[in-house]
Amino acid sequence: MTVSDSPAQRQTPPQTPGGTAPRARTAAFFDLDKTIIAKSSTLAFSKPFFAQGLLNRRAVLKSSYAQFIFLLSGADHDQMDRMRTHLTNMCAGWDVAQVRSIVNETLHDIVTPLVFAEAADLIAAHKLCGRDVVVVSASGEEIVGPIARALGATHAMATRMIVEDGKYTGEVAFYCYGEGKAQAIRELAASEGYPLEHCYAYSDSITDLPMLEAVGHASVVNPDRGLRKEASVRGWPVLSFSRPVSLRDRIPAPSAAAIATTAAVGISALAAGAVTYALLRRFAFQP
């Protein structure tokens, strides 16, 4: 699922001096829930879905409880399977166009205040290095796509539901979870030409171990117990994100075209270089 195909957002590196071949494009893959945002993206929309008549009060309470458990202890494979069953059963018969409309209308009120400032900074740093940014989530594509666009991501990979006559059947076409995430990443890398050994990945959950293993540079964010143990054994960096902020309060990361233009102006280039250097030092990765 491509979020944007514009040249500025694709971040293709320029031709290197001397006419040599350009450096291969690389990517940074981000889990969404509890890595970029502080809650479950799907469960966060339970209130607007209720307000528009898609959920009853009992379903809202059940979703709130699931959110509490998710935040309290993270979600293991069994919990994720139960959550998947609950959510697919809940949305059977929903009108897809209505869901998309609700998400688009309420996105900035519901989700963008939950974005970790540290995650937004890290995404900006990767973009300044010329990398594509890919959001990878087990949540539905109707939710993940708009969030990814708001973050300035290049691609989004998410769970796809089966749709008939414009309504969800309650069955899943592709579950973007566990090994499914890793397979989706490998397929995108093959399509886009990403050398995965030079790519980055970030997640909070042990269930995303296959995704982290698929790249050359893995880091864990606010990890659950299982993933923290794996990170210790493998020597993966452990990042702590704790400051949710509104994207409306942040200045968007400059595009590649903007960077190239301002680079010709000494003072602008110096400022951009200082920002880039500070971000790279903060998150300890190579340009």
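These residue numbers are counts, starting from 1, taken along the chain as shown.
Just so it is clear, glycine is given a Cβ too, placed from its N, Cα and C backbone atoms.
Among the candidates D204, D224, the residue that Swiss-Prot annotates alongside D31, D33 as binding Mg(2+) is D204.
Sitting within 8 Å of the Cβ centre of D31, D33, D204, and not among those site residues for Mg(2+), are the Cβ atoms of L32, K34, T35, I36, S137, S203, S205, D208, V221. A sphere of 10 angstroms centred on the C-beta of D204 (Mg(2+) binding site) encloses 23 other C-beta atoms. Under the DSSP three-state reduction, D31 (Mg(2+) binding site) is assigned to strand. Within 10 Å of the C-beta atom of D33 (Mg(2+) binding site) sit 25 other C-beta atoms, taking all shown protein chains into account.
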